[in-house]
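J.: Structure in structure tokens, see below.
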Amino acid sequence: MTAQPTILKIRRPDDWHIHLRDDRMLETVLPYTSRFFGRAIVMPNLTPPITTVASAIAYRQRILAAVPQGDDFHPLMTCYLTDALDANEIVSGFEQGVFTAAKLYPANATTNSSHGVTSVANISGILEKMQKIGMPLLIHGEVTDAAVDIFDREARFIETVLEPLRQQFPELKVVLEHITTKEAAQYVVEGNDYLAATITPQHLMFNRNHMLVGGVRPHLYCLPILKRNTHQQALREAVASGCERLFLGTDSAPHAKHRKESSCGCAGVFNAQAALSTYATVFEEMNALDKLEAFCSLNGPRFYGLPVNDSWIELYRETVTFPEEISLGDESLIPFLAGQSLNWSVR
């Protein structure tokens with residue numbers, strides 16, 4: 001039997017899907033990302049959303065101002081697609097190096113997505129230009145039809161929206177974000193070099209039983225929602241396969257405690273502080289620690305056409321216990337795995 005490593009040295013990772021919010025929340029959560037990640041794709045679903053080059057530049061400056069001294073962190077900005085968005089704004093932002101990608105939220109699919117796209121046909125001109133200039137499209141892949149069960153919305157999206165979109169724009173670089181189903185995993189793994197996906201820590205570690213059995217656990221509630229264990233296992237097998245078009249995207253999405261623990265709680269898991277420990281734990285359980293660095297640090301830059309980070313981090317096989325709460329002024333955040341321990345810590 002091969003001895004398991006006690007220290008893993010990997011290239012500094014990037015987070016290819018994160019919500020940093022703004023103001024006090026931004027200042028509170030950013031250090032948990034900037035300490036260990038070199039770059040992050042920052043979601044644009046603020047209120048109001050980031051739809052112009054000017055608003056993206058201003059938001060990037062607010063993020064950089066909140067980076068703790070000594071952290072080398074670079075936010076990668078995205079543009080929020082709307083039915084009425086001017087295609088020239090997208091092209092200009094990408095060519096200036098302000099926008100790294102554009103984000104497609106189906107209208108009302110998730111938090112702050114009411115301004116989202118009502119039909120792909122409404123943005124076909126934008127997608128055509130994005131394909132031409134090589135700008136990636138990031139997709140929250142769920143249909144919003146009320147007649148479709150919440151557990152089926154990702155698979156239905158692939159069938160009715162994503163596949164036709166990719167047929168129409170075959171050379172458009174597409175990232176199907178935070179995939180949660182065996183259908184999505186199979187679709188991406190069997191796809192071509194223009195299709196990639198991110199996977200979150202919570203969808204690899206947990207399934208819907210963890211959220212619903214023995215009481216409702218609101219801090220595991222996110223969108224897309226946790227699925228049954230067969231889907232969780234399919235995701236785990238996909239990352240263990242070493243597919244080069246799967247990469248780290250935490251979808252870390254903080255909400256104040258009272259907005260999660262309510263009669264109508266918000267969707268989102270704040271996992272930045274536990275993400276790397278969680279990924280290492282899952283990859284070890286799948287006997288795939290040799291695939292961890294590529295998933296965390298190499299596959300994303302390759303797909304985006306960016307260099308890998310030139311610094312390194314180390315994961316140690318030692319117990320780390322995560323905080324029960326994180327102070328947020330007069331409020332607090334309940335982080336992923338609050339009060340729980342894992343056997344991989346990060347330095």
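Glycine too: its Cβ is placed from the backbone N, Cα and C atoms.
Predicted, not measured: the structure shown is a model, and the values here were computed from it.
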J.: Besides H17, H19, K103, which of D193, D251, D290 does Swiss-Prot list for that Zn(2+) 1 site?
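T.: Candidate listed by Swiss-Prot for the same site: D251.
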J.: Since Swiss-Prot lists K103, H140 for Zn(2+) 2, which candidate among H74, H178, H203 does it give for that site as well?
T.: H178
J.: With H19, L20, R21, N45, H140, H255, A267 listed by Swiss-Prot as binding substrate, identify the candidate in L172, L220, L223 belonging to that site.
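T.: My reading of Swiss-Prot gives L223 as the candidate in that site.
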J.: Would you list the other residues of this chain near Zn(2+) 2 - those whose C-beta lies within 8 angstroms of the C-beta centroid of K103, H140, H178 - in sequence order?
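T.: Filtered neighbour residues, in order: H17, M43, L104, Y105, T110, L138, I139, G141, E177, D251.
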J.: So which binding-site residues out of H17, H19, K103, H178 end up within 10 angstroms of L223 (substrate binding site), measuring C-alpha to C-alpha?
T.: H178
J.: Please identify, from the binding-site residues H17, R21, K103, H178, H255, the residue with the sparsest Cβ neighbourhood, meaning fewest other Cβ atoms within 10 angstroms.
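T.: Least crowded of the binding-site residues H17, R21, K103, H178, H255, by Cβ count within 10 Å, is R21.
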J.: According to DSSP, does L20 (substrate binding site) sit in a helix, a strand, or coil?
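T.: Reduced to three states, the DSSP call for L20 (substrate binding site) is coil.
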J.: In the structure shown, which of the binding-site residues L20, A267 has the fewest other Cβ atoms within 10 Å?
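T.: Ranked by other Cβ atoms within 10 Å, the binding-site residues L20, A267 bottom out at A267.
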J.: Fill in the CA-CA distance, H19 (Zn(2+) 1 binding site) to H140 (substrate binding site), as an integer in Å.
T.: 13
